[in-house]
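K.L.:
First the structure, which I've put down as structure tokens, then a few questions once you've had a look.
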Amino acid sequence: MDPKDRKKIQFSVPAPPSQLDPRQVEMIRRRRPTPAMLFRLSEHSSPEEEASPHQRASGEGHHLKSKRPNPCAYTPPSLKAVQRIAESHLQSISNLNENQASEEEDELGELRELGYPREEDEEEEEDDEEEEEEEDSQAEVLKVIRQSAGQKTTCGQGLEGPWERPPPLDESERDGGSEDQVEDPALSEPGEEPQRPSPSEPGT
């Protein structure tokens, strides 16, 4: 089917009843709460506060509804209530600090009666122990340095005595050593004749 063939839907809206007077229509309109009025009423509405003249004119039924507190709505505390809460909190904190200070003093007094040293004496003893530990560590470092220096001086000495260079070889010894080196490969590989250079063929 083509869209042109579709029938137009006509809505029949009933006309308002003409029997009501215009004054009654205005009163009905005033009684109906608008969205703005509903928002104002739900915004921090407290039953103690007096209703505004606009709310009074809106009708008795609506006025009764506004007096009922909404359990789901959040009502922030007033400034006086916040000040009271803050004062009580500060007082509780100060009381706790005083109680802790008095308890610490009582514990210190009991410890002193039992013979425990004071905190100042304990701190002095700890400082003395730290100084002794530092002195011991410095002495150990000096010993290590001295030992390393002694090792450096003795590193040139052998097991029996100081290390010395061997005397230089004579020419004959050098020649003998070279001959030994030449003969070594023949001795090292027995059963194998040493390779000798093949004689060059005559006429080439």
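FYI, residue positions are counted from 1 along the chain as it appears here.
Backbone N, Cα and C atoms are what each Cβ position is placed from, and that goes for glycine too.
When I checked Swiss-Prot for this same protein, it listed these features:
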- 41-63: compositional bias 'Basic and acidic residues' (COMPBIAS)
- 89-100: compositional bias 'Polar residues' (COMPBIAS)
- 109-118: compositional bias 'Basic and acidic residues' (COMPBIAS)
- 119-138: compositional bias 'Acidic residues' (COMPBIAS)
- 170-183: compositional bias 'Acidic residues' (COMPBIAS)
- M1: N-acetylmethionine (MOD_RES)
- T34: phosphothreonine (MOD_RES)
- S45: phosphoserine (MOD_RES)
- S46: phosphoserine (MOD_RES)
- T75: phosphothreonine (MOD_RES)
- S102: phosphoserine (MOD_RES)
- S137: phosphoserine (MOD_RES)
- S198: phosphoserine (MOD_RES)
- 1-204: region 'Disordered' (REGION)
K.L.:
Just to verify a number: CA distance, S137 (phosphoserine) to S102 (phosphoserine), in angstrom, no decimals.
P.N.:
43
K.L.:
May I ask for the distance between T75 (phosphothreonine) and T34 (phosphothreonine), taken between their Cα atoms and rounded to an integer number of Å?
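P.N.:
That comes out at 23 Å between the alpha carbons.
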K.L.:
Could you list the residues of the same chain, at least six apart in sequence, whose Cβ is under 8 A from the Cβ of S102 (phosphoserine)?
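P.N.:
Those within reach of S102 (phosphoserine), by Cβ under 8 Å and sequence separation of 6 or more, number none.
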K.L.:
Once the DSSP letters are reduced so that anything not helix or strand counts as coil, what is T34 (phosphothreonine)?
P.N.:
coil
K.L.:
Sort out the sequence-distant neighbours of T34 (phosphothreonine) for me: same chain, 6+ apart, CB within less than 8 Å of its CB, listed by position.
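P.N.:
T34 (phosphothreonine) has no long-range Cβ partners.
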K.L.:
Is it possible to list how many residues within the compositional bias 'Polar residues' (89-100) are helical, extended or coil according to DSSP?
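P.N.:
Secondary-structure composition of the compositional bias 'Polar residues' (89-100): 12 helix, 0 strand, 0 coil.
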